[in-house]
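Structure first, then comments.
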Amino acid sequence: MDLVLGMKDNHPQEVLKKREIEFKLRHLFSSWGFEEVETPTLEYYATLQKVIGDELKERLFQFINREGKLVCLRPDFTTSIARKYSSDLIGKNKTIRVFYDGKIFRYPSSPLRTESELTQMGLENIGDNSPAVDAEVVSLAIIALQKSGIRDFAVDIGHVGFFRGILNASGYSSSFQQKLKAIVKAKDFIALKNFLENNSPAEPKLVSLLLDFPFLRGKKEFLNDINDKLPRNHQITDSLERIGKVWDILSDYGLEKNIWVNLGLIRDFDYYSGIIFEGFSPFSGSPLLAGGRYDELFGIFGQDRPACGFALFIERLVEVCEKSQQDINQTFKSYTIFYPSEHRKAVFILTQKLRKQLRAVIAQEQNDVPFTLKLTDGFKEYTWTNINWDTIYEQIQEVIKNG
């Protein structure tokens, strides 16, 4: 019997590998203080049409339910989570850290991508718009790939504001910008060249920059190299500055080997507003993960709230990962660390040590408070301030030992 177009059966070994990856990622996200949530498989079309672009609307699985309303299989989790927490957080000022695991449904975006049903596992950090949170989310994406057994990969980091700034500097009409964006996103270099040569009203220097757009990729030094070639407006300046700040934090974490600046990066969803990123492997023709900052999404549902997150595509990870096992038969203890930026590197090393012991750790950079660490085991709470960095790890281990 034929399968529905875009659907796939998985044999036992594939399912086993998926479960192994999900197992590792569930532990990883929990150890960073994220809690699992579930959202419905179906959403009203009226909910989705507020936040997704015209191109993605054409890829929705939709039908009329018994109420006579148009409903859709969810195309992603972020929109559903924003809908949920926009109402849950009314009048509250708190940070939410959640993760999810489930199916999404979209018609393929190109003949090269055949999947219509995908398993996504990802997370959302809601309530903080700082570069430190951007960097935390990207670092978690990198570690998630490593935990999944991926050895050869790169995470490209861009910013929505860069492309918007280029388009605003061009003076192009809105319809022209949308056509240009679709071509750049598809990475169709020949179509891009023909489109600009035949239609572009912009000055030659800007046309040349747009033709180079798919190749604007490099390490941090690349930001300085390209600076003289760029038009000047606040969107371009702010986006490059934000990328630089996030890069510096990731460099402090020792993760610069795996990251690249990619100013030509464009995401499928129109709700992104800041840093965006994708993870790639030479063994897969599609991104292994994708994410970014979407500070404007919650406002569409009536409750302004900054947020940043990412999603991994589990089936794509299975294609390139190695099989492994992991034991989780230990009891979690919860740590919350508040630290000034000068201790960033030391805190990162400390949290990695604790997470390897299957401890849940939340680290928050706050320059207006002294270094503080709280340990909770469900019954007792310990608090340290004015930490001695030479002995802090040993002090924590002593508390754990004595229970």
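In case you wondered, yes, glycine gets a Cβ from its N, Cα and C as well.
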From ARG106, ARG242, the one annotated by TrEMBL with ASP76, PHE77, THR78, GLN120, GLU124, ARG267, TYR271, TYR272 for L-histidine: ARG106
DSSP three-state assignment for THR78 (L-histidine binding site): helix
Helix, strand and coil counts within the domain 'Aminoacyl-transfer RNA synthetases class-II family profile' (1-114) (DSSP): 39 helix, 22 strand, 53 coil
Long-range Cβ environment of ASP76 (L-histidine binding site), under 8 Å and at least 6 residues apart: ILE104, GLN120, PHE269, ALA311
Mean per-residue pLDDT computed across the domain 'Aminoacyl-transfer RNA synthetases class-II family profile' (1-114): 88
